[in-house]
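Colleague: Next up is a structure, given as structure tokens.
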């Protein structure tokens, strides 16, 4: 009696799968294309370092070799990854208690990586064969790989790709999301663009360094073609260890950490900015619809 009435409960936005999926697809595609175009030369150097046997010379020409064909695969692969990741993450965060948010991020990253691997693996095979000078154009690469090795040739190293990319995607997105949560709690506000970029760079660099040995295995398996020097992941690891020593598993770590660190900075900046712009646009549309009603 006479007391102030309790404030009305905050109405939670319903889970809109289609909207989250579409926004994720657009944001992921934009971020993937920007990163790939900006950092492709560093990726080419990394691939050539990993492909080189002891005493081989690194070729410094044609650092953008295969970019056009690669973007044809990167755009849908990045779009598909984030398109799967975002709704999966939201659903898992609703299901799990707050103290298990890291599990939700890890799982969503792995699920997104698994789904997008169907596009990413053939794209990566063609890209790395071109980066190492085996083919001049992407259409030639696809045609000749299928002619000589069958359709399975486009999925060479698929197991090693999953071995590298599922942990990579899970760890990178988990580190990024957990750091953002912690930073927002400390700052008591939404993050600014440079802060998202810095957290993205840190998450990318750490994850890139941890997964370098897996990346070396994936590169060797993908570029071997018909030589079949390695029969699988274990065979590849044993051969590298026997012929080149344990140090070979860290080949290309410097450009890889640089590439993924800068790439993480750009990717997450573009991703968050695009998501923010799309969310604002959706809010404005919703407000206009309510006004009209």
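Just so you know, the numbers here start at 1 and follow the chain as drawn.
Keep in mind that glycine also has a Cβ here, set from the backbone N, Cα and C atoms.
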Colleague: With TrEMBL as the source, identify the stretch among 43-62, 63-82 annotated transmembrane segment.
Modeller: 63-82
Colleague: What does the DSSP secondary structure composition of the repeat 'Solcar' (18-91) look like, as residue counts for helix, strand and coil?
Modeller: 59 helix, 0 strand, 15 coil
Colleague: Could you give me three numbers for the repeat 'Solcar' (195-277), the DSSP helix, strand and coil residue counts?
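Modeller: Result for the repeat 'Solcar' (195-277), in helix, strand, coil order: 73 helix, 0 strand, 10 coil.
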Colleague: Should anything in the same chain at least six residues away from the transmembrane segment (102-121) have a Cβ under 8 Å from its Cβ atoms, list it; otherwise answer none.
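Modeller: Those are 73, 76-78, 80-82, 84-85, 88-89, 92-93, 95-96, 154-155, 157-158, 161-162, 165-174, 177-178, in sequence order.
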Colleague: Give me the DSSP three-state residue breakdown of the repeat 'Solcar' (100-182), ordered helix, strand, coil.
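Modeller: Summed over the repeat 'Solcar' (100-182), the classes give 74 helix, 0 strand, 9 coil.
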